[in-house]
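Trainee: Under the heading transmembrane segment, TrEMBL lists A:25-46, A:52-73, A:80-101, A:107-127, A:139-158, A:178-199, A:230-253, A:311-327.
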Amino acid sequence: MSQPGTLSGRAAPAAPRRSRLDRRFLGLVAALAALILLNVVLTNNFLTLQTIAVNVSQVAPIAIVALGMTLVIATGGIDLSVGAVMAVAGALAPLIFLSGWGQASPALGLVASIALPLLVAAACGLFNGMLVSFLGVQPIIATLILFISGRGIALVLTNGNLQTFSNPGFATLGTGRILGLPVQGWIALALALVVALVVRKTIYGRYLLSIGGNERAAALAGTPVARVKIATYMICSMLAGLAGLIVVAINSASDAARVGNLMELDAIAAAVVGGAALSGGRAPILGTLLGAVFIQLVGYTLIANGVPDEATYIVTAAIIVIAVYLQDSRRRT
Amino acid sequence: MTAEPLDLNLRRFMRPLGGGTHLTVWVALALLIALGAWRYDNFLSAYNISSFLQYNSMFVLISVGMCLVIMTGGIDLSVGAVAALASVVAALLSPLGLIVALPAGVLTGLVAGLLNSGLIVGLRLPPFMATLATMLAARGVALIVSDRQAVSVDWTSDFTALGMNKLGPVLPWTILVAAAVVVVAWAVLEKTSLGRTILAVGGNAEAAHLMGLKTSRALVFVYLFSGACAGLAGVFLASGYGAGQPLEGQGWELAAIASVVVGGTLLTGGMGSIPATVAGALLFGLVFNMLNFENGLGVISLSAYWQSVIRGAFLLVVILLQVRLARPQPSKA
C-alpha cells in the first residue's frame, strides 16, 4: 500500500516512492491472485467455505502479530519478544477464568481474562519501549530479554502444565463464526483497517514514519520520539497478547511452551513480504496483511498437494529472499 | 536508536573503555566460580566440570563465530538451525567414522555460511533477513534429511570418541577443539589484516571500502567462519549426545548473541573481544549450572522454568551495566 511519503522527513522524492510502493503492492496482489488461481486448478475443494475458514483461522493470529511488528519495524526497530508475550497472555487467561474468583462470577471473569492479559502484554511493551528509547538499547537486544524470559515466566505461571478448559465464552475468540468465517479473521481484518487508518490519518502515524525515515531529523523537528516508540512497542505487545488469547481460544488449551513459538519469525516474514523495510520509514499495513495471507497460502498449497511439511520452510526462506531482494533493488534504483 | 548520534564519534575514540566492559565479565565469571566452589560440595568435581565444559563447548563455538559476525555489524540467525542440520549430517555419516563425519558436518556449516555470504555480499540483503532465510532453509533440510526423526549415531565407529572422550579426568576433547577454534579466531582478529578489515567494516563499512580494504572478503570470511563453527557445534552435539537432532538448536542463535553482548561487544560492530565472548558464553552456562546446584541444596526449589527467567534478568543487568559504559549506535539494517 502507499504511505504518506511526504511526511517522512525525506520529503523530496515522495512522488516516485509512492508509485514504487504501489507497484510493489500490486506485485504482491498479483502473486497472491496467481497463487489462488493455481489452487483453484490444483487443489481439491479449495473454494469451499471449510478450506477458507481453516486458512483464515490459521493466518489470523500471525496477521495480528505482524501488524504490530510492521509498526515496530517502521520505527527502524524489531520485536523478538512477540511469541513470548503471546505465551504469557495465553497462560494468564485460563488462570484467571479457572480461578475460584473467575468461576464465581463468570461474566466478570471472562472480561478480566481478556483485559488483564492485554494489560500485562502492554506492560511488556512498555518494558521493551523504555529500554529502546530511554536507555538506547538496540531493539534486537532489548526485546531479546523478554524473548528469553517471557516464555519462562509463562511456564512458571502454569508450572509447565498444559491448561485445558471448556469455557464457551472465551473459546468464541478462536472458534466463533461470523458469516461463516472465523471470528479471529474478522478481528484481524478490523484491526488492520484501524491500524492502516491510524498510520495514514493520525499524528501518531506521521510521527511513526518520520522516526523511521530519519530519527534525528524527526527529533530536531520536535517529534516526541521516545513517546512514539514506547507507544509502538506497547501496541505491538498488546496485539501479540491478543493473538496469544486467540491461539489459546482456538485450542481450548494453553501450553506455555508452544503458544507463539517462532511467531516472531512468521510476523517478520509477513511484514517484509508485505513491503516493510528493516531500515524503517515504511508501514505497509495492508501489505503486511496480504504478506501473512501469502505465506499461509503457500504453505497450505504445498501441504494440500502432498509436498512434505518441511519443504514449506525452504519455500518460505525463498520467498523472504525474493521479497527483500526486490525491495532492496528498488531502493537502489 | 539514540536521539543524539553526535556523541558517538566521541565515544568511538574512547573505545579502550570497552576494556572495562570486557574486564567485568571476567570478574563476574571468577566471582561466580568462587561462590560455587564455596557453596556447593561437588561444584569443582571432575564430573561437574567436564560435563559443564562438554555441554558449553558448543555454545563457546557458535558464540565466537557470532562475535566475528557481529564485529562487522552483521548478525547470523542461522547458527542454531545449521548446527541441527550438521548434527543430522554427521550422525548419518557416523558409520564411516569421525574422519568422514566430522569434515562433513563442518562442510555443511560452510555451505550454509557460503549461502549467507552470497545473499549478503552478492545480493546485498540485510544480514538479519538473509540469515533468517538460511535458518528456515537449514531447518527444512534438516527435517527432510532426517525424516523428522532423531538420527542415532553408529556406536561401533569411532564417531562418538570426539564428543564423549576426555583428556585426563576433566577436559573433554570438544572443549579442546573449541579452544583451538577460539585461538584461531583471536589470532585472525588480532594478528592479520583480515582481522583489521573485519573491525573496520563494523566501524564504518563505507569508509573501509573507500580506503581500499577488501570488505567483501572480510564479510565472506566471517559468515563462512560462523557457519563452520555452527557445523562443528552440530558434530559435537551428535557425537556427544549420540544422535543427530533436527529440532535441536532453536534459540541457540539468540543465546550466542546474548553471550556476545554479555562479553561487552556492541551489536553495532567495529569492536569486541573474542576472549570476553568466551567468558560471556561460560557465564551464561554457569548461571544454568549453579541453579541446578542451588536446587540440589534444597534451599530453594526453582523449577527448570525459572532458568530462562533468570537468564533474561541476567542479560538485563548486563545490558544496564553496558549502557553506562557505552551507548549503542543506531543500527542500520
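Each Cβ is built from the backbone N, Cα and C atoms, and glycine gets one as well.
As the structure is a computational prediction, the values presented were derived from the model and not from experiment.
Tell me what's around each of these sites.
Mentor: Residues 79, 82, 86, 139, 174, 177, 180-182, 184-185, 187-188, 191-192, 195, 199, 208, 212, 232-233, 235-240, 242-244, 246-247, 250, 260, 263-264, 266-268, 270-272, 274, 276-278, 280, 283-285, 288-289, 291-293, 295-297, 300 of the same chain lie 6 or more positions beyond the ends of the transmembrane segment (A:52-73) yet place their CB under 8 Å from a CB of it.
Within the chain, the transmembrane segment (A:80-101) has long-range Cβ neighbours (under 8 A, six or more residues past its boundaries) at 61, 65, 68-69, 109-110, 112-114, 116-118, 120-121, 124-125, 128, 140, 143-151, 153-155, 157-158, 163, 165, 167, 170, 236-237, 240-245, 247-248, 254, 256-257, 259-264, 267.
Cβ atoms under 8 Å from those of the transmembrane segment (A:107-127) belong to residues 81, 85, 88-90, 92-94, 96-97, 99, 101, 146, 150, 167, 169-170, 173, 230, 233-238, 240-242, 244-245 of the same chain, restricted to positions at least 6 beyond its ends.
Within the chain carrying the transmembrane segment (A:230-253), a Cβ under 8 angstroms from the stretch's Cβ atoms is held by residues 57, 60-62, 64-65, 67-69, 71-72, 74-75, 77, 79, 81-83, 85-90, 93-94, 114, 117-118, 120-122, 124-126, 128-130, 132-133, 162-167, 170-175, 184, 187, 191, 204, 208, 259-260, 263, all 6 or more beyond its ends.
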Trainee: Six or more residues out from either end of the transmembrane segment (A:311-327), which same-chain residues have a Cβ under 8 Å from its Cβ atoms?
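Mentor: Non-local partners: 24, 27, 269, 272-273, 275, 277, 291, 294-295, 298-299, 302-303.
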